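Chemist: One structure coming up, written as structure tokens, with questions to follow.
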Amino acid sequence: METQTDDKAPTKLEHLEDSQRSEAGDLEVDLAVASEEAHYGTAGAKAFLSSPYVLGAALLASMGGFSYGYDQGVISLILVMPQFQAQYPEVAPSHAHYGFNTGFMTGMLLLGGFLGCLFYPYVADKWSRKWALTVAVGFFDLGAIIQTASMNYGTLVAGRFIGGIGVGTLAMGAPLYISEISPPEMRGSLLVLEELTIVIGAIISYWVTYGTQYLAGSAAFRVPFGLQMVSATLLGMGIHIYPYSPRWLVMTDQHDKSLRAISKLRRLPPTDRRVQAEWQSIIGEVNFQRELAQKQHPGATGPKLELLRWGDLFGKKVRKRTAAAVGICFFTQFSGINAFVYYAPTLFRSLGQSSHNSVILAGMINIGQFVGVVPAMIWMDNIGRRPLAIWGAIGMGTAHVIMAAVYGKFGHDWPSHPTAGWVCVAFVYVYVVVFGLSYGPLIWTLPSEVYQNVHRAKGVGLAVAVSWLANFVIGVVVPPMIESITYGTFIFFAVFCALSAVFSYFLVPETANKTLEQLDKDIT
């Protein structure tokens with residue numbers, strides 16, 4: 001390590017060891033300057049045309065989101081399927097504990113996702129982002145097999161819990177990998193692919209299940225349960241066609257491989273100025289954070305160091321990032337989206353719709369999300385994160401308030417006020433379109449962007465774990481809420497949307513069109 005001889009604060013790159021300087025081409029540039037130079041052209045979806053290799057890797061990684069969305073679409077319709085209720089009478093409306101049993105069975109997948117996010121960061125840091133995704137697929141497929149073959153409620157719940165471990169880690173692992181392979185100009189648009197594939201998975205699975213409901217016996221729900229393994233298995237095997245994360249390679253001291261990975265991802269020679277600048281900024285940031293960690297935890301190794309690094313997420317220099325990442329995940333779930341996604345048929349019946357209409361209307365929920373997600377994918381890097389977070393919360397809260405007001409005034413007698421019922425239905429779709437445009441993409445984008453390289457895996461793990469835990473709570477409490485407080489359910493979610501707008505105004509940073517290393521410097 002070089003000795004500092006003046007009073008000027010050293011730049012991050014000046015912390016590099018001599019051997020690392022040699023690998024970086026002996027270029028004496030400040031880390032911030034290197035980050036500024038590591039830009040590759042047009043922002044947003046237009047950049048897809050210049051980076052088809054990165055797009056392919058991101059699309060494949062996002063199949064984890066497709067698997068999560070597939071489960072959402074399946075479970076919302078299966079829950080009201082007579083064949084399913086006959087096989088598992090615990091979730092039939094006639095059962096004394098119907099509300100709790102339904103919520104518990106639905107929520108166990110989410111609880112599994114919460115636990116999966118806690119161990120995934122270790123696997124991702126130790127074995128690579130790619131192999132961690134493959135491990136997650138193993139859990140997902142095992143859970144899908146158990147659910148497909150289950151003959152009683154207990155086995156079904158166990159299968160959903162094991163599958164949830166896979167779903168949770170897939171949902172976390174894809175944004176982590178995508179954020180680390182993407183050029184800054186298209187990172188936001190590529191991260192929106194996670195939400196887009198979730199929505200597409202939910203749409204496809206819902207209408208597949210709508211068709212299989214006419215099959216005789218348990219095949220009506222076992223076929224869609226089994227089909228969910230196809231996309232996940234494709235991800236687990238296909239991801240190894242693409243490079244390792246350049247940032248993970250630097251973290252494991254494989255610098256030459258990191259340079260080759262960047263070159264391959266950018267389709268530029270290793271000597272290209274921008275490739276060199278990106279490579280140098282990654283090396284500088286990783287080594288700066290590594291040196292800082294050694295100073296903070298001298299002599300710590302093994303499990304002790306692992307726990308201390310989790311604790312670093314709440315340290316003075318990181319807690320603002322943690323607040324932004326965890327907060328956006330928490331408020332996304334408490335905006336009420338999965339109340340609509342999981343229990344849409346039940347919700348629409350509570351708004352005065354017939355059973356047949358409720359099933360059809362429920363199938364349109366994720367199509368509404370799709371309508372919002374597509375423009376977000378195209379223009380997110382142009383609009384920015386903060387405006388979407390603030391105005392998205394305001395838009396969703398407004399829709400909840402209107403639904404609560406109409407429900408409160410006319411909900412006691414829907415047959416006499418059919419127009420009021422359709423007004424509520426209309427604002428359900430207003431809500432899901434606004435969600436698809438704003439918080440749907442943000443939950444996968446912000447947590448992957450705000451953390452430094454050395455904290456990213458654990459930071460994203462913590463944020464997504466909070467998301468799954470909040471999702472679990474929503475999954476368990478919403479059925480009893482709809483039964484007991486009716487329109488108060490919408491007021492409950494409106495309050496959290498208002499809190500989310502305030503939170504976003506004060507704590508959500510703007511991350512668009514900046515390299516991850518620039519964000520390391522800018523967010524303090």
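Counting begins at 1 with the first residue displayed.
Note: Cβ is positioned from N, Cα and C throughout, glycine not excepted.
Unlike curated entries, TrEMBL annotations are predicted automatically.
Straight from TrEMBL, here's the annotation block:
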REGION    1-24  region 'Disordered'
TRANSMEM  53-70  transmembrane segment
DOMAIN    57-512  domain 'Major facilitator superfamily (MFS) profile'
TRANSMEM  104-124  transmembrane segment
TRANSMEM  131-151  transmembrane segment
TRANSMEM  157-178  transmembrane segment
TRANSMEM  190-209  transmembrane segment
TRANSMEM  221-242  transmembrane segment
TRANSMEM  323-344  transmembrane segment
TRANSMEM  359-379  transmembrane segment
TRANSMEM  388-408  transmembrane segment
TRANSMEM  420-439  transmembrane segment
TRANSMEM  460-479  transmembrane segment
TRANSMEM  485-508  transmembrane segment
Chemist: Looking only at the domain 'Major facilitator superfamily (MFS) profile' (57-512), what is the model's average confidence as pLDDT?
Modeler: 91
Chemist: Taking the transmembrane segment (131-151) as reference, which of 104-124, 190-209, 221-242, 485-508 has the most Cβ pairs under 8 angstroms?
Modeler: 221-242
Chemist: For the transmembrane segment (359-379), I need the partner stretch with the highest count of C-beta pairs below 8 angstroms, choosing only from 53-70, 323-344, 388-408.
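Modeler: Per the Cβ count, the answer is 323-344.
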Chemist: Which listed stretch (157-178, 190-209, 323-344, 420-439) has the most C-beta pairs under 8 A with the transmembrane segment (485-508)?
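Modeler: That would be 323-344.
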Chemist: Sort out for me which stretch, of 53-70, 104-124, 190-209, 420-439, has the most Cβ pairs below 8 angstroms to the transmembrane segment (221-242).
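Modeler: Ranking 53-70, 104-124, 190-209, 420-439 by Cβ pairs under 8 Å to the transmembrane segment (221-242) puts 53-70 first.
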Chemist: Considering only Cβ pairs within less than 8 angstroms, which of the stretches 104-124, 190-209, 388-408, 420-439 has the most against the transmembrane segment (323-344)?
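Modeler: Maximum Cβ contact count belongs to 420-439.
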Chemist: Are the transmembrane segment (460-479) and the transmembrane segment (53-70) close enough to be called in contact, which here means at least 3 C-beta pairs under 8 A that are separated by 6 or more residues?
Modeler: no
